[in-house]
């Protein structure tokens with residue numbers, strides 16, 4: 001009986017952009033407490049679960065979350081107080097049924113996710129287990145390759161770059177801690193290079209630099225120069241990744257990219273050319289979420305060569321992932337818990353991807369908090385990849401630091417992910 005939920009409390013806090021988000025605390029009868037806060041995205045998929053905002057322009061420019069807070073402290077608390085926190089499936093089923101909508105629009109996915117994560121943390125604390133072990137079991141040991149965003153563009157930065165994220169993947173590291181060290185060295189070398197060239201070294205939402213450079217190729221060239229300046233190889237030590245966020249520049253069947261209007265076929269050829277010229281092994285949201293034919297074409301062309309990640313295409317939703325698998329769109333799924341709204345549904349999406357030969361990449365959002373749950377999800381699921389921003393801004397570093405703690409705790413049992421070797 002000591003795992004029974006005794007108290008539920010939610011409050012409004014601020015995320016990394018200074019906008020409100022929800023934080024939830026769950027207390028069990030044995031005194032164990034779990035606390036979780038929920039992130040928020042800037043570029044969002046059309047079919048994501050709803051993030052409930054107050055729309056009261058007199059508070060926080062309409063972005064308050066008091067409605068979500070009230071839902072947790074009222075109807076949700078009434079439902080789950082007295083339930084067993086160790087039965088995550090039952091808790092999440094109750095949340096889904098209480099909401100009763102397909103996209104969590106009644107209670108808000110921010111409310112349901114905050115509760116779902118806090119319950120899991122409370123149960124883990126009650127069992128005196130780290131969250132990754134509680135969620136993943138004894139076989140949990142794989143440390144993820146980080147996809148580290150070191151140049152920001154698109155809606156994450158105020159510059160001319162259309163692509164949203166330019167990432168380094170430290171695939172040649174022996175351990176996660178080494179991966180972070182060598183990536184930090186590249187990050188600081190890039191800062192010095194940008195400064196010498198007269199570019200701004202201010203950072204964007206996710207901690208990457210946001211210089212006002214002119215083209216995708218220039219960004220990639222700068223990153224390769226930074227890798228080599230740090231004493232590493234862009235062939236064996238590091239690979240490159242992109243988050244194109246192409247839905248943000250897609251309209252009426254045309255991609256408005258770098259002052260050119262490109263068809264799906266033309267954009268696919270552009271990607272093929274980039275992959276030939278640069279050590280790119282992962283491209284996210286290369287086509288718009290609405291451009292199914294473009295996705296099929298791209299996957300046919302590059303799907304056996306590099307990782308093609310669907311974010312807006314799948315929004316961590318098993319129904320959409322199943323459709324993508326059936327129609328041969330992409331070969332990897334980005335996993336964002338707040339796109340779906342419960343921990344159970346998050347793990348179901350990961351399992352659906354993995355069981356069908358798709359990779360899974362656990363991800364943050366551009367508006368983050370100091371919450372480190374996604375670090376534990378990445379390890380618990382053995383998915384092998386995590387995307388959680390750059391090597392600046394404490395909201396991003398919190399996740400990396402937590403992963404280094406986990407690796408230290410695992411000791412010799414920790415295994416750095418090698419599942420990206422097929423694309424090298």
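Note that the numbers count up from 1, one per residue, in the order the chain is shown.
Cβ coordinates are placed from backbone N, Cα and C, and glycine is handled just like the others.
Per Swiss-Prot, the feature (2R)-2-phosphoglycerate binding site maps to 164, 336, 365, 366, 387. Just so you know, the Cβ of residue 365 ((2R)-2-phosphoglycerate binding site) picks up 26 other Cβ atoms within 10 Å once every protein chain is counted.
Per Swiss-Prot, the feature active site, proton donor maps to 206; the stated evidence is sequence analysis. The DSSP secondary structure for residue 206 (active site, proton donor) is coil. All protein chains shown were included, and the count of other CB atoms within 10 Å of the CB of residue 206 (active site, proton donor) stands at 31.
Long-range Cβ contacts of residue 243 (Mg(2+) binding site) within its own chain (separation 6+, distance under 8 Å): 149, 163, 164, 165, 167, 283, 284, 285, 309, 311, 387. Annotation source Swiss-Prot lists Mg(2+) binding site at 243, 284, 311.
Annotated active site, proton acceptor per Swiss-Prot: 336, in sequence order, evidence recorded as sequence analysis. Residue 336 ((2R)-2-phosphoglycerate binding site) has a Cβ environment of 26 other Cβ atoms inside 10 Å.
Of the candidate binding-site residues, 336, 365, 366, the one lying closest to residue 206 (active site, proton donor) when CA atoms are compared is 366.
Under the three-state DSSP scheme, residue 366 ((2R)-2-phosphoglycerate binding site) falls in the coil class.
In the three-state DSSP scheme, residue 243 (Mg(2+) binding site) is classed as strand.
Summary for the binding-site residues 164, 366: the Cβ-based neighbour count within 10 Å is maximal at 164.
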